[in-house]
Amino acid sequence: MARVFFRLVLGGIAGKILGLLREVLLAALFGAGRVVAANRIALTATLIPINFFTADALSAGFLPLYVQYRQERPAMAQALFRTVHLLLAAFSLALVVALLFGRDVWVGLLGPGLDPNTADIAATMLAIAALGVPFYVLYNLYTLVGLANDDVRLINLRPSCQSIGLIGATVIAYLTGHVSVLAWGFTVPYVMLWCWGAYSIRRQGYLREGDEHGPRQPDRAAAKVALGMFWRRLRPLLLIPVILQGSIAVERAVGSLLGVEVVAATEYARFVVDSCMALLAAPLGLAGLASFAKMKASEVGDGLRRMIPPVILVAIPLALVLSVNSREIVTLLYARGQFDDRAVDISSVMLLGFALGIWAQVLGYTFVKVLNARGANFQVAIVMALSFGVPIGINLLTYRHWGAFTLGAASSVGGLLMFVASAAWLRVLGFSTRLLAIALPGAAAAAAVGYLLSGTGVLRLAASCAAILLVWALYVAAVPQLRRTFLSFLLKKLGRGTSETPKDDLVTIKSAPVRPGDQVRSQ
C-alpha cells in the first residue's frame, strides 16, 4: 500500500501544479464573474449525472471485485471488465443525448439565481462538455484496471492532461472572446485520454488471460455471474449517489442564489482544499482499496492503527495553516487581474469554512474506502447518507444568515460526520479520538502563535505558516505518545526503508486493550 500511495502522491503533484496554474490564469483573465460562474455550472451539470451512476459503481463496486477475481479466477475478471465496459458505453451515450436535449432545464435547476445571459452561456458550455461524457466514463474504468495491477500511470496522467487542456482553452477563450471555448477544455483532453487508456491497458497485457495474446470473449454464463456479483456489491450503494450528487446540486443552487461571484469563488476556494485532499486522502483511499481488499480480516485493525497516526499528524497542521491564513493564501494565489477585492473576500471566507474540517475529511474518506474494500457497502451507504445529507440541510437553512461561509462550513460538518461514523464502523473511533485528544493542546498552541504572526504580505504569511509547523513539530517531539508514533515511523522509513511500521512503533495510549474482534463489522 505504501508504494502505491507514494506513487500516487508524486504523480498528483505535477497535476496539481498545472491545476494551480489553471486556476490562477482563470482568476486573472476572468475573475469571479459570470463567465466563470457559467463554466462552473456547466461542468457541474455534466459531472453530476456521470457520478450519479458511475462513481461508486466503479471505485466501490468494480475495483474490489475485479481485484478478487484477478487473484482467484482471471477469466471472471475479464468477463466482469467486458460486461461493465459495455454497460458504461451504452449509459454514457444515452446520457449525452439527455444532456443535449435537456440542457436548458438542467442549468435552470442547478442555477436558479443566474440571470438569463449567464444561464445561456452555461447551457452552451454544457452542450460542448456533454460530448466528452463517454470518454470520461470509460477512461475512469481503464484507470481502475491499471490500479488493480498496481499501475498508477493512468491515474497520474489525468489531472495533468486535463489541466493542460483547460489552460489552453482559457487562453483561447480570452484571446478570441468566445467564452464557450472553455468547455472544450474538458472534452478534448478526455478524448485524448480515452485513446491512450484503451491502448495502454492492452499494450501492458492487463486484459490477457494466462498465455493468451489478447482478451478472450467471455461466454454469457460468465458474464451473467460477473454482473450478478457486481450488482450484489453495488446494490447497497444506490443511495449514496442520490445523497452525494444531491448535495453538490444544492451547493450550486445555493451559491447561485447568493450571487454569481459565490458560484465562481466556490471552486477557487475548494481548489486549495481539494488539492490537499487529492495529494493525501485520494491516494490513501485508492491505495487502501487495493491493499485492504487483499488483507485478512485479522490484519485490518493493525493496518488501520498503523495508518491513522501519521495521517492525523500531517492533516492537523495542514488544517491550521489553511484556516489561520485563508485570506493571505487567497490573496497570494488569485489577487491579480480581474480578481478584485470582493472576490478575495468571498473566496477567503469560503476557504476558512472548507479548511476547518479538512483533517476529518482526509480520515473519513480513507476509512470509507477501507469499508468499500472490505465489502461493507451497506455501512458505507449509511455513512455517506449522513455525511452528505446533513450538509444539505445546513446549506438550505443557514445560507441567508451565514452567506458564503455556509458552503464551506457545511462541507466541514459533513467531513466530521463521515470521520466519526466510518471510524465507528471500523472500530477505531476510540483509538482516533484518544490520539486527537493528545494532539489538541499542540494544535491550539500552534493556531494561537500562527494567528498572532498572521497579517498582510508574503512575509507575514510565511512567518505564520512556519510558526504553526514549528510549534506543532516541537509538541510532537515533546509528547512521548506522538513522538513514538510519528518520529520513529519517519526515521525508520528514511533509515531502514521498511515497508511497514513495526507493531511496537504504534501509538501507546493508556486505554483498554484492543479486543480480538476490533475489526471491520461485516454487513
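Each Cβ is built from the backbone N, Cα and C atoms, and glycine gets one as well.
Just so you know, TrEMBL annotations never went through curation; they're auto-generated.
Feature list (source: TrEMBL):
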TRANSMEM  47-67  transmembrane segment
TRANSMEM  79-101  transmembrane segment
TRANSMEM  121-142  transmembrane segment
TRANSMEM  154-175  transmembrane segment
TRANSMEM  237-259  transmembrane segment
TRANSMEM  271-295  transmembrane segment
TRANSMEM  307-326  transmembrane segment
TRANSMEM  346-368  transmembrane segment
TRANSMEM  380-399  transmembrane segment
TRANSMEM  405-428  transmembrane segment
TRANSMEM  435-453  transmembrane segment
TRANSMEM  459-478  transmembrane segment
- Contact set of the transmembrane segment (346-368) with the rest of its chain, CB cutoff 8 A exclusive, min separation 6+ beyond the ends, reads 32, 261-262, 265-266, 268-270, 272-273, 276-277, 280-282, 284-285, 288, 304, 307-308, 311-312, 315-316, 318-319, 322-323, 326-327, 329-331, 334, 380, 383-384, 387, 403-423, 425-426, 428, 432
- Message: Tell me whether the transmembrane segment (459-478) sits in contact with the transmembrane segment (307-326), defined here as at least 3 Cβ pairs under 8 Å among residues 6 or more apart in sequence.
- Response: yes
- Taking the transmembrane segment (121-142) as reference, the highest number of CB pairs under 8 angstroms among 79-101, 237-259, 307-326 goes to 79-101
- Query: Excluding the flanking five residues on each side, which residues at least 6 beyond the ends of the transmembrane segment (154-175) place their CB within less than 8 Å of a CB in that stretch?
  - Reply: 7-8, 10-12, 14-16, 18-19, 21-22, 25-26, 29-30, 35, 139, 142-143, 146-147, 181-186, 188-190, 192-193, 196-197, 200-201, 278, 286
